[in-house]
Amino acid sequence: MEPKKRVRTSNRVRLLAVVVASSSIVLAACGSSSTAKSSSTSPSGSATSGTITWWASPIAQVGIRQTLINAFEKAYPKIHVNLVSAPTNTGTNRSQVVAQISGGSTTPDVFMGDVIWPAQFGAHGLAVPLSNYLPSSYWAKFAPGLVAGAEYKGKVYGSPLFEDQGFLYYRKDLLAKAHLPVPKTWEQLKQESLTLVHDHLVKYGFVWQGNSYEGLTCDFMEYLTSAGGKVTNAAYTKAYLDSPQAIQAVSFMRSLITSGASPAAVTTMEEPQAMATFDAGDAAFLRNWDYAWANSQTPSDSKVVGKVGVAPLPTFSGHSYPGYSTIGGWNLYINPHSKHIATDLTFIKWMSSVQAQTILGKKYSEIPTVESVRKAIAAQASAPPPEKVAAVTRLIARPAGTPNYPALSTAIYTNINAALNGSTSVKSALASAESQANTALSGGL
Amino acid sequence: MKFQTHTGLKKWVNLLNTSVVLIVLFVALPLYWLIASSFKTNVGIGASPPQYFPDPLSIANYQSAFVHYDFGIYFRNSLIVAIAATFLVLAIGSLAGYALARLPIRGKTAIMVILLMISLFPEIAVVSPLYLVMHNLGWIDSYQVLIIPYTAFNLPFAIWIMRNYFLGIPREMEESARVDGASPLRTYWSIILPQALPGIFTAGIFTFTACWTEFLMALTFDNSNSFRTIPVGIALFGSPNVIPYGTIFAASVVAVVPIGILVFVFRRFVVSGLTSGAVKG
Amino acid sequence: MTRSMLENATANETPPPTPDQQVTGHRRRTTRIGWVFSSPALVIVALVTIFPIAFSVVLSLANVTVTGNGFQLAGFTFSNYSEIFHASVWRYALVFTVFYTVVTVAVEVILGTLIGLVLERLTKGRGLMMALLLVPWSMITVISAELWQYIFDGTYGVMQAIFSAIGLGQPQFLGTPTSAIISMMVADIWKTTPFVAIIVVAGLVMLPQEVFEAAAVDGAGSWTTFWRVTLPLLRPTIALAILFRILQAFGIFDLPFVLTGGGPGTATTSLAVLSYRTMFQNLNYGAGNAIAVSASVLVLIGCLLFLKVFRAQVSDA
């Protein structure tokens with residue numbers, strides 16, 4: 001028992017040290033370190049050596065991250081990039097990044113994060129304000145709206161890596177058989193779905209993401225915006241979810257299910273379920289992101305190879321076509337504790353270079369964020385169809401300019417999901433969404 | 001019952017057999033679905049109506065788990081962490097369980113209630129502060145960063161359960177050992193421990209499975225592939241919009257194998273009680 | 001237990017009164033050995049758990065902001081608690097969690113005890129059955145949730161195919177609140193009943209043989225023996241299983257998080273899911289910890305009440 005006693009004492013001493021150390025972290029005033037760093041680091045980020053850690057969840061196709069790293073290391077042979085694979089669930093991914101950075105970890109240096117993170121990460125000091133280092137000329141090259149989406153209180157926190165947005169995927173063969181055009185309004189989409197289902201050409205009409213989760217907020221934004229509605233005011237102090245436009249949007253979404261144009265199962269569908277149903281040849285229309293193209297054209301995943309078309313999302317009749325697509329995609333952020341900010345910047349700048357963006361867009365059919373690359377690829381005949389369509393769509397960002405966006409979105413998707421599955425009326429669901437959204441905007445539960 | 005009439009025995013045997021069949025079906029059907037789906041292609045997974053038997057039969061999911069993803073490394077890490085923590089829990093937990101069952105310690109009730117309180121505190125609330133501690137110890141990305149918390153968080157339940165079984169051991173055996181002049185450690189080792197093997201096995205298997213399946217701490221404390229465990233590894237499968245059911249199921253079929261082996265190897269500890277006496281009640 | 005077990009233990013602390021000096025010396029020595037035996041475990045538990053738990057309690061009582069430089073605390077406050085107590089989402093989550101705990105624990109304990117009794121009777125293949133039972137329990141919860149999500153899927157799920165084959169239509173198992181709650185309970189019962197069964201088997205195996213032989217000699221039938229002998233002797237073991245099942249069920253997180261995401265609507269949002277969302281998604285650590293701490297206090301009260309009720313039953317018997 002003697003050695004155990006010794007261990008105990010030394011552990012106690014260590015624990016004491018830990019408690020002291022961590023309480024000093026707890027009590028440390030915040031906000032000083034990043035500004036201190038900004039003055040000491042070369043603003044242009046011209047470092048050409050060192051080792052940095054890049055935290056990124058898997059991108060749709062296997063090998064993208066490593067291909068990018070290899071190309072980068074070829075351009076900067078003295079920089080080594082360590083890839084750490086992040087969880088694929090975006091919420092879990094965020095919680096891990098937050099735990100590491102708020103815990104004082106100097107790694108990861110650069111992390112790939114969702115486009116809806118900037119306000120929250122900026123407000124909590126969990127990301128470096130990149131606009132302190134990178135001049136406005138750097139930001140000018142990105143496609144419109146992307147940089148604005150990465151801003152919080154006048155500073156840009158994320159450098160757009162690749163963009164994503166909603167598309168309408170349809171079965172060319174079925175539409176041809178039934179002599180139907182590609183739908184341009186939501187009403188037309190519903191009608192064509194019903195026709196195809198009634199004629200037994202297909203099992204289900206239109207599948208989309210109706211489960212109680214972030215994806216439903218994305219889908220809802222598309223209906224709401226094409227109905228002319230908004231979620232909040234510009235200052236993010238007041239939610240407008242009980243509006244006539246929101247009622248029109250959600251009533252329509254509900255009517256897709258009640259009419260039979262969409263299966264009842266859409267209220268439990270996320271991207272994978274909707275995709276699988278479409279790939280199995282069981283649905284005529286699919287609302288999904290960019291990856292769905294490649295997925296539907298992979299023979300090992302899909303029975304509808306060669307039968308799929310891509311179009312912009314429809315709008316409500318009486319509004320101009322095309323409708324709106326919700327912006328998704330990923331940005332690169334820097335950990336405020338990173339010891340290699342100059343090297344991090346070199347990496348981030350290279351990731352928005354023509355070379356990197358072309359790899360993303362051409363080799364892996366992700367939508368580039370740099371406007372010139374995007375246009376160049378879309379102009380080529382061989383470009384993946386979604387990238388061609390992306391050149392003509394209209395985009396809408398989620399109301400993520402507030403640090404309370406996650407709670408706001410929860411208020412939206414939980415209540416709308418309840419309306420979609422019929423457990424509450426559309427009207428009362430939206431009234432409850434509005435009151436919960438207002439609580440969320442003020443920082444409440 | 002051994003002592004029943006022949007008709008009663010027959011009825012009982014039938015009831016027993018029926019129950020066994022029902023239990024097996026209840027447990028095994030979902031498992032069949034897991035295994036069958038792990039051999040389906042992605043098209044087969046999404047087929048409607050579902051494929052009751054994989055068609056075509058494919059091992060691509062297993063290849064993908066080991067080749068595309070470092071499942072072999074995760075498997076090794078899980079084994080190291082779970083075996084070490086289970087060993088520690090059993091070694092020090094059974095001593096504590098015995099002491100708290102049989103030896104005169106002041107405030108036993110308080111200790112047991114505090115242990116209960118610790119084991120009921122939600123993991124999600126302790127993981128952030130614990131990260132601060134581990135970060136300051138420099139333990140992030142290591143085995144001990146999981147082994148030590150796993151030991152600590154599994155000890156309360158293990159102590160409770162082993163103490164329960166120790167209490168069930170007839171006191172006379174210890175008394176006679178004490179009269180013979182055996183030390184408490186010797187009494188524990190040669191009298192109590194052999195008697196309590198089914199209980200210790202139970203505590204061990206629960207500790208092992210808890211460590212084997214723990215997700216949140218493993219995810220938070222180990223960010224390097226060389227230390228990540230199976231549950232974390234599986235969370236890296238696919239991409240944000242793709243759940244590769246087939247690969248996940250294949251990995252989890254493989255992940256269950258050690259548990260099966262463990263139970264099978266140590267089953268005599270559970271069976272021993274039966275062979276030593278008559279059937280009960 | 002447990003109360004009876006504790007009392008049992010307390011009774012053990014008092015040796016038969018004897019003036020003999022040697023016995024007192026022996027007692028002192030065994031007391032010391034008792035501490036030597038239990039301290040390694042108690043010390044490691046204390047070292048690892050006390051700081052994080054205390055920290056969580058502190059955060060729940062502070063105006064806290066998480067920043068890139070750790071947690072900033074600004075003053076003591078009860079506002080986190082009043083915030084959650086006034087939130088309808090919290091009240092719903094509480095009701096749901098209690099309901100879910102009561103139903104699943106009741107079903108699992110009854111079913112698990114029955115399975116345990118059946119297993120204990122098996123003379124052949126017990127090891128195999130134990131191994132089979134342990135498979136659901138040892139599955140990573142996230143994966144078993146994904147398995148059940150796949151089984152319950154609304155377009156290609158096997159359960160729906162079975163239902164429609166026997167003429168029960170095309171139910172959306174995860175699509176309506178009631179059916180989603182039932183589906184989640186089925187998944188939980190499948191995974192967790194073996195936990196109870198295995199605890200019960202080990203308890204049964206360790207029961208003293210003599211009692212049963214005596215009962216048999218007295219001519220007690222199998223039902224009488226079961227109700228009068230087996231069950232009372234098994235009571236501490238079953239109580240232990242119930243106690244820890246309550247703790248696990250009340251903290252249910254992974255299953256709803258993956259199977260339903262807390263939906264449809266918020267129908268399966270448990271306290272742990274709500275706490276996770278509040279902390280890690282909204283970065284509201286004050287309220288998130290308040291939810292966690294209040295849940296612990298509530299379940300502790302529940303456990304103590306359970307122990308009290310159980311003891312009453314023991315004395316009635």
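Every residue, even glycine, has its Cβ placed from backbone N, Cα and C.
Residues or ranges marked as transmembrane segment by TrEMBL: B:12-35 (among others).
As annotated by TrEMBL, domain 'ABC transmembrane type-1' applies to B:75-266.
The transmembrane segment annotation in TrEMBL covers B:79-101 (among others).
Sequence annotations record features per position, and here TrEMBL assigns transmembrane segment to B:113-134 (among others). Packing against the transmembrane segment (B:113-134) from elsewhere in the chain are residues 140, 145, 149, 153, 155-157, 159-160, 216-217, 220-221: each is 6 or more residues past its ends and has a CB under 8 Å from a CB in it.
Among residues of the same chain six or more beyond the transmembrane segment (B:146-166), those with a C-beta under 8 A of the stretch's C-beta atoms are 81-82, 84-85, 88-90, 92-94, 96-98, 100-102, 112, 115-116, 118-119, 123, 130, 192, 196, 198-200, 202-203, 206-207, 210-211, 214, 217-218, 221-222, 227, 229. Summarising the annotation, TrEMBL assigns transmembrane segment to B:146-166 (among others).
Residues 82-83, 85-86, 89-90, 93-95, 98, 102, 150, 154, 157-158, 161-162, 164-166, 168-169, 173-174, 177-178, 259, 262-263, 266, 269-270, 272-273 of the same chain lie 6 or more positions beyond the ends of the transmembrane segment (B:187-210) yet place their CB under 8 Å from a CB of it. Here TrEMBL flags B:187-210 (among others) as transmembrane segment.
Annotated transmembrane segment per TrEMBL: B:242-266 (among others), in sequence order. Beyond the transmembrane segment (B:242-266), the same-chain residues lying 6 or more positions past its ends with a Cβ under 8 Å from any Cβ of the stretch are 34-35, 37-42, 45, 60-62, 64-65, 68-69, 71, 75, 78-79, 201, 204-205, 208-209, 212, 230, 233-234.
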